[in-house]
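The domain 'Cadherin' feature in TrEMBL is assigned to 84-164, 165-273, 274-392, 389-493, 493-615. Among the features that TrEMBL reports, transmembrane segment is placed at 620-639.
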């Protein structure tokens, strides 16, 4: 029978919940006396082996072992003793220990059965070990007792302090909270055994943070302990909480943690303007929605509690200015709502209110949560560009209007007090075709070129107005010109018409349907009238029927058409429109005579070719080709001779240049030529028509353009109309010389210093002429002086 070394206090063992196990053999003769046993005979051992296989009860008593943790002694810690009834104390029994920690944590004396712990034990790491024990015959190695398990439990001591596993903590509580408002709950954990003594019983206390906060000693719940805590006075608090085991008794272990508490904001502070009066200024040219200035109301709160709403509550500029709230910086931005005018009003006064939109009912007694301030705005004068009245022009003009006709009077004025003079012009990018002209002083918009609705029916031009004293100030206005239609286009065939008539056609047979188009667009719609031209009114072959639907039929008047008599007929058709005045045009219908089958299907529209019974011999053909070749050679020879005659005379550098005669077709008149153009025509257009003074030395390539000016323009005595008409006609004539250009003649002509350079009046010999004066004319005539052998004063060739 097995016995443990710690069974003396059975009452205590059972009080700890430890069970005792008894095993035994019912028919064994072994006698157990105070833990010793006599050895069995071989026969008894065989009987024992047989009965072990028959699930017999074991013959040894067993128990659990207990050992305290954290042993700090130098000697191994004695745990207990194993003893078998068969052990006679002579060392014949060998004890073996196996299982968890055997040989590493626990050792056994194989002779005495004493168990010792050789390492430091920690219950928090492992609370129990399960081992197996066996008694063997030291001589034979045979088991003397069956192997059995036992447990070694580690008893707890207070060796672990409480720990805040979630610390440090961060919490917040609204400012001005009542006393006792919960903030946060902290929890400390003790690794000791909570079922054994008070080692794991934790008590909480506050070490830092009084008198603002308190903590529940049992639950660790932190609450406010002081009323009216103001965030604006102090926002952050650091609270230190202690947790102590052993129920807080002396000798218990303690741990601490930090709780950072922030007072969150509430709307308990009303907004206030730091200034009761603001002075601002704005240019009168400031565009709508531009910023005038900013006002700000201070609020000690933050976040949503500091949001502001600004508004205009009073003043004489409520309809001229507006105020908006910047959500990022909580400032009021005053902007221009309507255009300003220094000449109309020079200053404005506004009353601005700033208020909190989010209020808390329990703090309304601290209000009112709004404040007002006064803003004075001065309008500053600027030099403004001219302003057009009205701001948009719409003009309708017929397309047959004469050049120079005033179609609209454009008016602009300087809005400033100085009221400067205005000069008008057209933005040429808006009128690339230069169809219009505006008078520089009066603003009269006139036509400068003929208008054609069929080419451009709408013109969108921009007229500019510039201050005379400040050209940088330019105003503009849009002018839309609608070109009205007049009947100036005659109708014409929609396409080229070509019909055919069969030789077997009968009288009254339809051979072609014609239609017309007209580029005009009359208000009452298009309507065309068809008839044969006067020269074909009595045509014996064809007749025309007007269908009154803008189409006409061409019918045969007779039958019996023959290709060999006439294979093509040309029928002139007169087309007239319904416009005022009535316009007409004549179109030609080509009708071919064709041979057809009985069903009217065309077989052939070409007359049979007449073949001449003539044959040429080979010799005749060769003679004809030879004549053609001779003619080609003669033509090439004539052309070559003419080209040689037209080659310019090339001066050989070695030839005497005095023998060459240079012929001038025309010689400029120099500074004395005042007859190239009569400037008087620019001043009196009517006189220009009556008296035309031509140049005496050459014939003009075109006649004076003044005769093309419409009579209405001439009689109007408006120089602008005359110039516009003259400019237009000059632009249209690509071959007209530019009589209005400036011709400069230098060092040539009777009026120049060098006089005439022509050699027509020179003497016949070089000896009769002295060319020394060429050296006085400077570098321009150096080459000429070298050619005529002039020498300088030193006698050397210049």
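Backbone N, Cα and C atoms are what each Cβ position is placed from, and that goes for glycine too.
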Secondary structure composition of the domain 'Cadherin' (389-493) [DSSP: H/G/I, E/B, coil]: 0 helix, 48 strand, 57 coil
Counts of helix, strand and coil residues, the domain 'Cadherin' (165-273), according to DSSP: 3 helix, 45 strand, 61 coil
Residue distribution over DSSP helix, strand and coil in the domain 'Cadherin' (84-164): 0 helix, 36 strand, 45 coil
Confidence summary (mean pLDDT) of the domain 'Cadherin' (165-273): 90
